[in-house]
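Colleague: A single structure is presented below for examination.
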Amino acid sequence: MTVRTPTTPAAKIDRSPVSTPGGQKLREDKILVTVRLRPLNKREQSSKDQIAWECIDDNSIVYKPSPLERGTQPTAFTFDKVFGPDCSTESVYEDGVKNVALSALMGINATIFAYGQTSSGKTYTMKGIKEKAVTDIYMHIVNNPERNFRVKISGLEIYNENVRDLLNSESGRNLKLLDDPERGTLVEKLVEETANDDQHLRHLIGVCDAQRQVGETALNDTSSRSHQIIRLTIESTLRESSDHVRSYVAILNFVDLAGSERASQTNAEGVRLREGCHINLSLMTLTTVIRKLSVGKRSGHIPYRDSKLTRILQHSLGGNARTAIICTLSPASSHVEQSRNTLLFATRAKEVTNNAQVNMVVSDKQLVKHLQKEVARLEAELRAPDSYNEKDLKIMQMEKEMEELKRQRDLAQSQVDELSKKLNEGQVHKHSESHSPIARKCLSFSATSLPKLDGREFGHHKGTSNTVGMRTMRQSSTAPFTLMHEIRKLEQLQEQLGDEAHRALEVLQKEVACHRHGNQDAAETIAKLQAEIREMRAIRPSPKELEVESVVTVNKSVGANLKEEITRLHSQGSTIADLEEKLENVQKSIDKLVMSLPTSNDQPANDETPKSKSVSKKKKLLPLVSSNSLNRQNFIKSPCSPLSVSRQVLSGEVENRAPELDDTVSNEIQPLSDKDTPTKSEGGDISSKENTPYRRSSSVNMRKMKRMFQNAAEENVRSIKAYVTELKERVAKLQYQKQLLVLELEANEAAGHSLDDGEILPEIQESPASWHTTFNEQRQQIIELWDVCHVSIIHRSQFYLLFSGDQADQIYMEVELRRLTWLQQHLNKLGSASPAHGGNEPTISLSSSIRSLKREREFLAKRLTTRLTTEERDALYIKWDVPLEGKQRRMQFINKLWTNPYDVKHVQESAEIVAKLVGFHEGGNMSKEMFELNFAVPSDKRHWFMDWNQISDLLHL
Ligand SMILES: Nc1ncnc2c1ncn2[C@@H]1O[C@H](COP(=O)(O)OP(=O)(O)OP(=O)(O)O)[C@@H](O)[C@H]1O
């Protein structure tokens, strides 16, 4: 049987912050840390050990220096709760950990740890805690008869880094840990038993305790030699009669750690010494994890994977669980140093924040039941169409509105009819002149008038979209100065968008003005739009603020004070929000306008012959709107159009618009092509020329003409509508990017940077020693992320060899780390979901990354023969354990490269081999600038054999 680690299957958990029966919600809280000081034990008493620690109140413990330690000041430590030697385990439970433990009954994962030096009282304390918790759990179950509870138990110990099943001693010594992308770390084949009642549960806990490895040391006759994790899984569901379909599931871990120990004090040797080494090693990883978490989760890589203990308990350390740690202490002066270490650990643990959530489960059975009920309800609704529901009322309302629109349309129609009558009376020429511009009208903005963007600013450039996404991942250390520059660029784009919106609306204004006389409602809408345009333009930031000429300009215009800049950006927030709101209003107005325009489908029945009726659907967009195709192409080509949806819609319309001959017009009018838009002179005696778009006609079908005019207008308005939608999204996107940048600036400010901080790498002020540590940490993190994200091994090799710890590499390391963090989160988010196809955007998915990597390995395998001699190859095969005779030996060998991110030698050798195969091992043709911050194509840098686009493709930038 396989048991989950603290989370339940993600697919089944509703992670939204909903109330549990106990009223608890999504919470972010710190680990609860308590300290328990035991009395001096017999051994300590007999050796005349002194008491070195005193609990001075409920929260503080103080070190009392002995009279011999003159000059040493008492040191105080403060915690959530401190329990002195006289306190019972019951108080430790009641006042310390009870609330955390019982969260599991409300669907919130919980973990209770005991941490401390050997013989300090961990097992003693945890025994009592488990006992009390079991009593309370079953009391809660009895007191809540409306819910069905199920309590399951499993137990394991980690002994010498081996995982053992405490409920199945037969199962072998070492259970495997499996990584499940959805469920986290799993312990393979761990037995899980369902407890029938509290007695049964106590019995099973007893079995786990009895199975645990215990040994005698100089400090403790019954010293626990392993870390023990007893895990209760508590599920609860409302009973059958209830309509609710939700259940809760949570895990409650009782963790009794092995104690830290000094071989000199425990007199350990042989087996005990080996055990002690393992214990200390895994406790050290736990300490590192806690230390890193205590300075914030964004502080870099958390080495959960460095020990089985931290791997299994990952969710309890800064994750989805409430956690309480009881630190146990010996009061003896002979253990002062160990006790002080325990208290330092406890102090750090206080700073760790967890994000516990209510784990809700919808079981398949419950879901099916719920869906069946829903289907039945809908069927009943369908069977009784007379019963008005909300939808029916809405339909009625819409019908009324349609009536009104039809009325308006009829009015417009009668006016057009009047016009046509006049035309028939001999004013054809004049009216053709005055109306053809309507048909020919096209939006004035073109691809060239669009902001000069290469797509990067809108997240189209693959690299840049990554960097923007990455900004959210980690605390920024990017130069405030660089951020400022980016903000300036965004602001300029915003300005350009404002202009674009303005231009679009001007066109709209002219467009509607052409048939204002026929549509009072449209005229009103236009008046409103005009007012909105004016307002929109009024709220734009002053051009002075938007200069982005150069970095120097940025510095000048911004001034030296980062704080002022942040305030300025914040004050602009409302301006941007206003802009968004205005665009929203414009969108609504345009929607209304589109509604009010008569559509070609709305023609009265007597307007159409059966034949024309049959084709009317197909001919929704008529030939005279050809002028719009120009504009539409601009949309489609527009590099800054982020709306694949609008592109699809528009290209769909292009298809619909394929010129068709209509029987009813074939004798009078032929469709115009884009090129053949009639000129003014063609409007009159249009038939007199050869190749003119119109054929000679003695009787122009004015109704047809009128319809075409209407369609042309409608199409233009539709284009504007799509365009405004696009503008809105672009503004929103910019706003989002800007917010991220402001956050970064704030983070920089919090970190004490100012805009004066220097040129490109303002924070390279770390001492060489600390930079070296940071570099090593970051590099390891990068290597691990490369591995999990299946990044190109050519890229890995190049990056690895290029950046070897020089302080100037800091910015590149930072960017790479952000990019990969983003990539990892992106891939996690995608999970196993297959990527959506069909859009123009390149889709990064785990499978596409793996495929690319496979292709790359195949490519490198081929190069083995061209780049290496037979002797060199054979030497490598031998070294890398590849059979010399194997048919697939080249591929086998290549497949071994870059497979172990934790082995430094392996990484180094892999990088060197790839470098040799690709031809950049000499370093002369590698350039760090290829990894520039913005991932832009370096203009004049020499590359190795691949160009940047190829690399980008490989890296999914
Ligand atoms: N608060 C206490 N009051 C009285 N006796 C205690 C207390 N805490 C611990 N003891 C006694 O101290 C001895 C050592 O305790 P325990 O085995 O729980 O230590 P430990 O921290 O689990 O040690 P190890 O890490 O070696 O397993 C036991 O005999 C236990 O009964």
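Glycine too: its Cβ is placed from the backbone N, Cα and C atoms.
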Colleague: Which stretch does TrEMBL mark as coiled coil, out of 121-148, 261-288, 569-596, 765-792?
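Modeller: Range annotated as coiled coil by TrEMBL: 569-596.
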Colleague: Taking the centroid of the Cβ atoms of Gly116, Gln117, Thr118, Ser119, Ser120, Gly121, Lys122, Thr123 as the ATP site, which other residues of that chain lie with their Cβ within 8 Å of it, listed in sequence order?
Modeller: Ala114, Tyr124, Asn220, Gly259, Thr328, Ser330
Colleague: For a Cβ distance below 6 Å to any atom of ligand 1, name the binding-site residues from Gln117, Thr118, Gly121, Lys122, Thr123 that qualify, or say none.
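Modeller: Checked binding-site residues vs ligand 1; flagged Thr118, Gly121, Lys122, Thr123.
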Colleague: Name the residue among the binding-site residues Gly116, Gly121 whose Cβ has the smallest number of other Cβ atoms within 10 Å.
Modeller: Gly121
Colleague: How many other Cβ atoms are found within 10 Å of the Cβ atom of Thr123 (ATP binding site), counting all protein chains shown?
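Modeller: Excluding its own Cβ, Thr123 (ATP binding site) sees 23 Cβ atoms within 10 Å.
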Colleague: When a 10 Å sphere is centred on the Cβ of Ser119 (ATP binding site), how many other Cβ atoms does it contain?
Modeller: 27
Colleague: So if I draw a 10 Å sphere around the Cβ of Lys122 (ATP binding site), how many other Cβ atoms end up inside it?
Modeller: 25
Colleague: On average, what pLDDT score does this prediction assign to the coiled coil (361-422)?
Modeller: 72
